[in-house]
Amino acid sequence: MDSSHQSNYKLSKTEKKFLRKQIKARHTLLRHEGIETVSYATQSLVVANGGLGNGVSRNQLLPVLEKCGLVDALLMPPNKPYSFARYKTTEESKRAYVTLNGKEVVDDLGQKIILYLNFVEKAQWKELRPQALPPGLMVVEEIISSEEEKMLLESVDWTEDTDNQNSQKSLKHRRVKHFGYEFHYENNNVDKDKPLPGGLPDICDSFLEKWLREGYIKHKPDQMTINQYEPGQGIPAHIDTHSAFEDEIVSLSLGSEIVMDFKHPDGTAVPVMLPRRSLLVMTGESRYLWTHGITCRKFDTVQASENHKSGIITSDVGDLTLSKRGLRTSFTFRKVRQTPCNCSYPLVCDSQRKETPPSFPESDEEASRLEQEYVHQVYEEIAGHFSSTRHTPWPHIVEFLKALPSGSIVADIGCGNGKYLGVNKELYMVGCDRSQNLVDICRERQFQAFVCDALAVPVRSGSCDACISIAVIHHFATAERRVAALQEIVRLLRPGGKALIYVWAMEQEYNKQKSKYLKGNRNSQGKKEEMNSDTSVQRSLVEQMPDMGSRDSASSVPRINDSQEGGCNSRQVSNSKLPIHVNRTSFYSQDMLVPWHLKGNPDKGKPVEPFGPIGSQDPSPVFHRYYHVFREGELEALCRTVSDVRILQSYYDQGNWCVILQKA
C-alpha cells in the first residue's frame, strides 16, 4: 500500500503492520546504506529483502519481477539484503510496487522472506573491484579429466582407522588427511624432523610430474593435505608460514567449485572462483603477502553469465547470482623448506622477524599476561609521546558530557592523559587508568585521577551518574574479559545512569567513506590511532534493532556468536600467532598487534624493536599494542549480555563503533 494514500481511509490492522515494515525498510536502507527512496513513481525500485545477502538468487527474483513487466536491469550487489530493479516503463514499475509489496518468497534455504519495495530515482550501484588476480596467482581450468577426478576421489579412504592422528583428523570446519608431513593448524607449520611414513600417495606422481614439466611448480612437493568441505564449511583467512614451505603452493579442487577470498594488507579484497577440476597456483606476492580463506556459507556469489567460469568475481552487479555449494575436496601440495625464508615481505615473514609475536590467548591467565605485556607495559613506555598526540576532544563525546546535568558525578574509565576530564566544568569528573605515567600527566594538569584496572575499579557501586570508556575495551584479549569490563562500568552507574563506550571498528571504510585513520598522515601516531582527528562524522544505526528471528527486515545486526555458526569462528585457529597490523591500512584480522613508533629520546632505557624487519632503517623504537577490533553489531551484542542495562543509541564515528547505555 502506498503510504501517501493512508489518509484516504482507515487502515486495517494488517495494512498498518505492513506500512510500518515498509517504512522501517526505507529508513534502514537510508541509515545503513545511504539509499534514499522517493515518494513518487519512477522506473526504478529498490527491493528490500530481495538480495544475494538474503539468500535470494537472480534466478528466483527475476521471474517474480517479470510478472509485472519488462525488467531492463536487475542489479544485485554482493552480500547485500536488497537489489535494484529498473522497468521499461513507469507503469510497469508501479504495477510491481502494488503487486509485489509484501509478497512472500522462499529463498534457496527454504525460508520465507517478505519483499518490501520502494521507488528510487535511479537503479545504480558502483563498487570498484580489482580486475586482475593478485600478483603470482594463477587458476588453471580443467587441469585433470572427469575420469581422473573420480579416480582421485575414490582413492581417499575417510573410513580408515583414525587412531593414527598424524595422518587423519576431523576438524571443526572440515575433514583432513596429511601425507609426507603433518600440517599443524595451531601454527600453520610442519615438524620437519617428523615425516609421516609412506610419503605422498603414488596416485599423485603422474600429476605432479606433469605440472613440473608444464612449469606450474618448480619443486616436487613432499607434503600434501586433503581437505573435505561440506556446504557451509570453510577455513579462516591465513598466510601459510613462510619458513615452512617453498614459494609455490598449489591446490586441486575436486567435486565442486568454490569461491576463495584473497585479501591484501591494504584492505584490497579479491574473490576468486575456483572451478571444479581446476588448479590454484600461489607464488610470490599472492603466496607470501595476501591472506586466503574460504568463508563459511552454503552459497557463493558468482557471475551469472555462462562464459565466466574462473578467476575474479567482478563487481558487475547486473551479472551476479548465487551458486549452491556442493561437497568439495581439495588436494593441497607443498614443498617443505629446509632454509630460512628470504622473501621480499619481511613484515609478514617469520624468518625475518627478530622475535615471534605472541599467540592468541587460550585462557584468562594467558589473556591477562598478554594485556600486561602488550597493553599495560607499552603505555607506560610511550605515555609521554602518546600524551603529546592526544589534545582535541571528539565532538560527539563532548556532546555527551555537556548534555549531562550540572553536578553529575562522572567516571572516565581509561582516561589516558585526561583529555575529557576538563570538557565540562559543571561536572565532577574523576579518571582512572592502568598506566601510572598517564595518571601522573593527569595530575600535572590538575585533574583528579588514580591508577586501577578497568576490571576492578575501587569506586562504590551505583555512585556515578555517568561513565565514559573511550577506546579501552578493545584492549581486552577475550570476549569474557570485554564483557567483564562492561559489567564493571554498569556496576558503577546509579539506576538511570548513562555510559558512553567507544571501540575500534573492523570496518574502517563505512558507507563508502574511509575513516580518518585510513586517510590520515602515515607518519602520525596516537594511542588509539583510530581516534586522531579533530572532526568526526556520525552514522546513526537503527536504534530499535530488527528481530533476529525474522527474515522480514531490510537488514540485520549480528549477535555476538553469529560468526561462529556453521563451525566457523571469527578468531583464527587457536594458538596461531597474532598478526602484526600495517598502520593506516584496513584490518584483515579482528585480533592483532598494532605498531607504535616512539618518537624522540625516551628516558627509560633503550627498548629493543620487537618484531621489526631485518635491516630496518627506522631508528625509532617500535612497540606493539594488542587490539581486538569490533565488527558491526558486535558491541551491541556484547552489551546485551549484561543485565540491567539497555542500549539507548548506537552509531559509527570515524572508524569506531559507539553505544550509549542506560542502567535500569
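Cβ atoms here come from the backbone N, Cα and C positions, even for glycine.
What Swiss-Prot says about this protein:
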- 43-120: domain 'RRM' (DOMAIN)
- 220-337: domain 'Fe2OG dioxygenase' (DOMAIN)
- Asn227, Gln228, Tyr229, Arg328, Arg334: 2-oxoglutarate binding site (BINDING)
- His238, Asp240, His292: Fe cation binding site (BINDING)
- His242, Cys341, Cys343, Cys349: Zn(2+) binding site (BINDING)
- 411-664: region 'Methyltransferase domain' (REGION)
- 516-575: region 'Disordered' (REGION)
- 552-575: compositional bias 'Polar residues' (COMPBIAS)
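Features per Swiss-Prot, on structure.
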{"residue": "Asn227", "record": "2-oxoglutarate binding site", "DSSP (3 states)": "strand"}
{"residue": "Asp240", "record": "Fe cation binding site", "DSSP (3 states)": "coil"}
{"residue": "His292", "record": "Fe cation binding site", "DSSP (3 states)": "strand"}
{"residue": "Arg328", "record": "2-oxoglutarate binding site", "DSSP (3 states)": "strand"}
{"residue": "Arg334", "record": "2-oxoglutarate binding site", "DSSP (3 states)": "strand"}
{"residue": "Cys341", "record": "Zn(2+) binding site", "DSSP (3 states)": "coil"}
{"residue": "Cys349", "record": "Zn(2+) binding site", "DSSP (3 states)": "coil"}
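Whole-number maximum of the Cα to Cα distances across the 2-oxoglutarate-binding residues Asn227, Gln228, Tyr229, Arg328, Arg334: 20 angstrom. Tyr229 (2-oxoglutarate binding site) sits 16 Å from His292 (Fe cation binding site), taking the C-alpha atoms as the reference points. Of all the binding-site residues listed here (Asn227, Gln228, Asp240, His292), Asp240 has the Cα closest to the Cα of Cys349 (Zn(2+) binding site). Residues His238, Asp240, His292 make up the record's Fe cation site, and a Cβ search at 8 Å around their centroid adds Asn188, Ala237, Ile239, Thr291, Gly293 from the same chain. Taking CA atoms as the reference points, Asp240 (Fe cation binding site) and Arg334 (2-oxoglutarate binding site) are 10 Å apart. Confidence over the domain 'Fe2OG dioxygenase' (220-337), given as mean pLDDT on the 0 to 100 scale, stands at 86.
Its Cβ taken as reference, Tyr229 (2-oxoglutarate binding site) is surrounded by 22 other Cβ atoms within 10 Å in the chains shown. The Cβ of Asp240 (Fe cation binding site) has 17 neighbouring Cβ atoms from other residues within 10 Å, across all protein chains displayed. Other C-beta atoms found within 10 angstroms of the C-beta of Cys349 (Zn(2+) binding site) number 21, with every protein chain shown included.
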